[in-house]
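Trainee: In case it helps, TrEMBL gives these features for our protein:
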DOMAIN    160-190  domain '4Fe-4S ferredoxin-type'
DOMAIN    192-222  domain '4Fe-4S ferredoxin-type'
BINDING   C202, C205, C212  [3Fe-4S] cluster binding site
Amino acid sequence: MELLELREDRVRFLLRGVTPAFANGIRRACLAEVPSLAIDEISIYDNTSVLFDEQLSLRLGLVPIKAEDLSLYRVSEECDCGGAGCPACQVGMTLTAEGPSIVHSGDLRFGDPAVNVAFEKIPLAILGEGEKLMLEGIVTLNRGTVHIKWQAGTQCGYKNLPDIGISEDCERCGKCADVCPREILVIEEGDGRVKVTDPTSCSLCKLCVVECETGRIKVVPIEDVFVMKIDTDGSISAKDLVIGAATEIKRRAMSLSEQLSELA
Ligand SMILES: [Zn+2]
């Protein structure tokens, strides 16, 4: 594994020596298997805005929510309380607003000071003069397999790393560099040779191959090397999301191994 880029909400890395199924396993686990927080149940006491209760609830459910330490919370079915509801698996939330105003995600108030929205400025509703909102809800931890609102990974994808080869007898016309949409091919000053700058940014569009009339450039995907890109919705850091995905895959593999050994 080779780290290419690490931000709070994005990680890019190279995975070498794995199958497409393994790379896809990481991607799918990032999307659906790592638990995150979301508003689950909502009780609306007053809503005189133009939004239907259902529209408002949908928007609230999709607000990314983060915790200082997510490991303190449990998925309710796996909690010691047996799903009845306790501070380890539920956090209370309230919203009270009166127009004229724009209600933002930052107006939500949580019962646990260690829990808050990932972004304060997500617009939720526009309230006219005298219009009111008063509601409360419950934030729970769960997985993207249950509902998309618990999906912390947003854009998660992978592609093969390309092997870009330019033969020695290249005529140095520069057409391949002109046509490359990602500016990966550049003409070196002086001798006019084509240089490959960052193959991890290549989308394998092969426009350069089509443009090169003499066939001196080849772009071939390396079958067992993948460029992984994982984006999050802000509720979990990209680093924690990938670690959580790998941990989940490991847990399942060990569980399968145990069950198979019991059968043997
Ligand atoms: Zn509980």
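Here the Cβ of each residue, glycine as well, is placed from N, Cα and C on the backbone.
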Trainee: Quick test of the contact rule: Cβ under 8 Å, at least six residues beyond the ends. What residues does that give for the domain '4Fe-4S ferredoxin-type' (192-222)?
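Mentor: Here the qualifying positions are 4, 12, 14, 159-167, 169-172, 174-186.
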Trainee: Does anything in the same chain, at least 6 positions from C205 ([3Fe-4S] cluster binding site), have a Cβ under 8 Å from its Cβ, and if so what?
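Mentor: Same-chain residues close to C205 ([3Fe-4S] cluster binding site) (Cβ under 8 Å, separated by 6 or more) are P181.
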Trainee: Could you pull out which residues elsewhere in the chain have a CB under 8 Å from any CB of the domain '4Fe-4S ferredoxin-type' (160-190), counting only those six or more residues past its ends?
Mentor: 14, 196-205, 207-208, 211-214, 216-223, 225-227
Trainee: For the binding-site residues C202, C212, work out the Cβ neighbour count at 10 Å and name the residue with the minimum.
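Mentor: Across C202, C212, these binding-site residues, the one with fewest Cβ atoms within 10 Å is C212.
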Trainee: Which residues, in sequence order, are found in the same chain with Cβ within 8 Å of the centroid defined by the Cβ atoms of C202, C205, C212 at the [3Fe-4S] cluster site, excluding those residues themselves?
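Mentor: Same chain, not in C202, C205, C212, Cβ within 8 Å: P162, I164, C176, V179, C180, I184, L185, L204, K206, L207, C208, V209, I217, V219.
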Trainee: If you average pLDDT over the domain '4Fe-4S ferredoxin-type' (160-190), what do you get?
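Mentor: Mean pLDDT for the domain '4Fe-4S ferredoxin-type' (160-190): 89.
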